[in-house]
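Participant: Once you've had a glance at the structure underneath, I'll fire off some questions.
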There are 2 protein chains.
Amino acid sequence: MVSSKITQKDQVKHLLDSYDYFLFDCDGVLWLGDHILPYVKETLTLLKQQNKSVIFVTNNSTKSREEYLKKFEKLGIEGITKDDVFGSSYATAIYVNKILKLPTDQKIWILGEKGIEEELQELGYTTLGGSDPELTKDGVEFHNDHPLLTNLDENVGCVVAGLALTVNYLKLSITMQYLLAKNKSIPFIATNIDSTFPSKGKLLIGAGSIIETVSFATDRKPDAICGKPNQSMMNSIKADNPGLLRTPKRGLMIGDRLNTDMKFGRLGGLDTLLVLTGIETEERVLSQPDDEAPTYYMSKLGDVYELLQ
Amino acid sequence: MVSSKITQKDQVKHLLDSYDYFLFDCDGVLWLGDHILPYVKETLTLLKQQNKSVIFVTNNSTKSREEYLKKFEKLGIEGITKDDVFGSSYATAIYVNKILKLPTDQKIWILGEKGIEEELQELGYTTLGGSDPELTKDGVEFHNDHPLLTNLDENVGCVVAGLALTVNYLKLSITMQYLLAKNKSIPFIATNIDSTFPSKGKLLIGAGSIIETVSFATDRKPDAICGKPNQSMMNSIKADNPGLLRTPKRGLMIGDRLNTDMKFGRLGGLDTLLVLTGIETEERVLSQPDDEAPTYYMSKLGDVYELLQ
């Protein structure tokens, strides 16, 4: 199937008639870094006016859902609630709790930022590592007698790894110790494995590349990956939206990445819409094999609103 | 061939008769971190008294040869000169200069520490990155508008990556930009790819695991690897020791790692001796396939001296 490009008012009307659930990737679709993209606000308002379900799905694990809400507010996007946001840190917390069934008296070692800590703590877990200032008080200076490296916590029952903007050699090395401990039996969960992290028009180091370090050092692969395109996040979304569970074809996944967003929607049985404001080009979209091509693509999300005027 | 264990005076005498060149890995063989192992000094003195050539070969790229000499002095090992030491940072500098033939008016971006900088600078190169305090002045705080990230140097003609104890997200992300620049054409050289770095009885993150991060993020593999077991280091050693070049079987490579030290000696046509003071166990030695087993193994290097008493 060749992707159809949406450029006409009629096509937009058909889109609005065809779907009840609109799932959005955020960065590259709604905004680029701290800049909201044109007519995004108007498009979201229009969808809400038509009683569409609007759901935000992001692999960025540095923010919790609470922090995401603040970002929406800051950019002037109103009326979003915590229940509308599914992040990979939330998906990870749900995975640890519901699938792994880790008892809450076991601690979790984190290679990552606050987003993961907050979501796990909300479910009653004690987290170690993460943004603990004790791990960065020497900056990037490494001391091999650091107490958190030499005295591992016996009660750590899970390692969660994601994007760590405050990564240093100490954090990586302690994570390595827990992954090697107890004959490599402590579960190793990744928030997502995106190799790159787009920021201000550049590709920076992604969660998957940070995770690759400790993976290579310990000869272990993550036991589970919770972000897009993994379906554990989709299953959570469907559990909250029974209509989508019954009729996935009434759902449209909108994103800027073929290998995460579009794959995520496709594997979940949804139709897909790629926007060209993020990482992909029209050339790349048109060169996809038929069974991996998005259902539709368009220049920018705001065209939904703009084309209707 | 099964490895023979050296436990008797006669065997040591036979060893001394059989070899003229003794190549040593350092950490795990001569010392563990800052502690010299028993009878190492006496063994090295004995070899020198018997006019043996004693050569030190290390994959640790954080130190230059000058810094290695200071370490030998500090541990009370005397009579070592810069020419006796072959480190992966030296091997890398030689590779960049002699094999890659990079003109010295091209700059080199470094993900690593002083050892690499010093060896490259000694050959006339200007280095960027590495231990530059500008890259760590914010500690582990990351700012995506850092001038070294936003303004790449057009004159960078090579990226060298090794063990970076002062790694942070900024260093990794700038390294990534150079690896992606100019359509991925800038040569990417690794000092070594050891996945782990033994320190005080623990396995910490090795050069290879740090390199894996930028490798995964850019979908590039290093164009060359300069440390053991790669033979470019062996070729440099042989060039300096024509007797070893003519008759490799008069050389013995002594080390604590099967997959680097023993492989390095074997590929170079030398006999090999594994000591059990480092990373391997007797069980591991005895379970090697015949063509990968070291020629000999012994409990510790100091047994050479001790067994002769």
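A Cβ is built for glycine as well, from the same backbone N, Cα and C atoms used for every other residue.
The feature Mg(2+) binding site is assigned by TrEMBL to A:ASP25, A:ASP27, A:ASP256. Under the heading active site, nucleophile, TrEMBL lists A:ASP25. Positions annotated as active site, proton donor by TrEMBL: A:ASP27. Taken from TrEMBL, the feature substrate binding site covers A:LYS228.
So that I understand the layout, could you describe where these features sit and how close they are to other parts?
Facilitator: Under a cutoff of 8 A between CB atoms, and with a sequence separation of 6+ in the same chain, the neighbours of A:ASP25 (Mg(2+) binding site) are A:VAL57, A:THR58, A:LYS228, A:MET253, A:ILE254, A:GLY255, A:ASP256, A:ARG257, A:THR260, A:ASP261, A:GLY278. In the three-state DSSP reading, A:ASP25 (Mg(2+) binding site) counts as coil.
Counting only residues at least six positions away in the same chain, the Cβ atoms of A:GLY33, A:THR58, A:ASN60, A:PRO198, A:ASP256, A:GLY278 sit under 8 Å from the Cβ of A:ASP27 (Mg(2+) binding site).
Annotation note: A:LYS228 (substrate binding site) sits in a coil segment as assigned by DSSP.
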Participant: Reduced to three states, what secondary structure does DSSP give A:ASP256 (Mg(2+) binding site)?
Facilitator: coil
Participant: Tell me the Cβ neighbour count for A:LYS228 (substrate binding site), meaning other Cβ atoms within 10 Å of its Cβ, over all protein chains shown.
Facilitator: 30
Participant: Once the chains shown are all counted, how many other Cβ atoms turn up within 10 Å of the Cβ of A:ASP256 (Mg(2+) binding site)?
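Facilitator: For A:ASP256 (Mg(2+) binding site), the count of other Cβ atoms within 10 Å is 23.
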